[in-house]
Amino acid sequence: MSDTVEVNNSEALPLLSLNHVSLLCRSVRDSMRFYEQVLGFVPIKRPSSFKFNGAWLYNYGIGIHLIEHPSIDDFDYILEPRPINPKDNHISFQCTDVGLVLRRLEDMGLKYVTAAVEDEGNKVEQVFFHDPDGYMVELCNCENIPVVPLSSCSFKPRLSSFIKSAPAKCGFMEKAMMERLSMEMLNISF
């Protein structure tokens, strides 16, 4: 059996959104404190059938699932945290006030790196830092740069579901993004 999967772009998977990020950690207690106090996550109930130490946290429409792995030091990529590098793997959250984020990180004594992205007169400020296990977190005002689909699929408004027409030449997500973008541009709501 091959590891290669052929994907037909017109038949995207029926995804809704990102549900959670699962992270191995040395200490559930230390990681919970970080995600609660620094990022504002709230502990939630997790299934009682789990027979391992962990915790679930939730906020901002996303979950963080912590799984305690005391021998996590066996994993080279976490043993020595890499330098804070904006081009490294990370999870990113949008924020409303990057200046306030910087002040709070300084008050907490957390090391961080800042970066900026500019495109067509729009600027995104980014702040990168590590959690207790070396996972990188980004906080930014990424909404400053609009999401513009690169797809050339044809846009059909929602009413198209009532009208018989040729099948669309793009996937579900492309259609949804184009529809939302078009509605925002026209500032029309049905």
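Keep in mind that glycine also has a Cβ here, set from the backbone N, Cα and C atoms.
These features come from TrEMBL:
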| type | residues | note |
| --- | --- | --- |
| DOMAIN | 17-142 | domain 'VOC' |
DSSP helix/strand/coil residue counts for the domain 'VOC' (17-142): 29 helix, 47 strand, 50 coil
Whole-number mean of pLDDT values that fall within the domain 'VOC' (17-142): 91
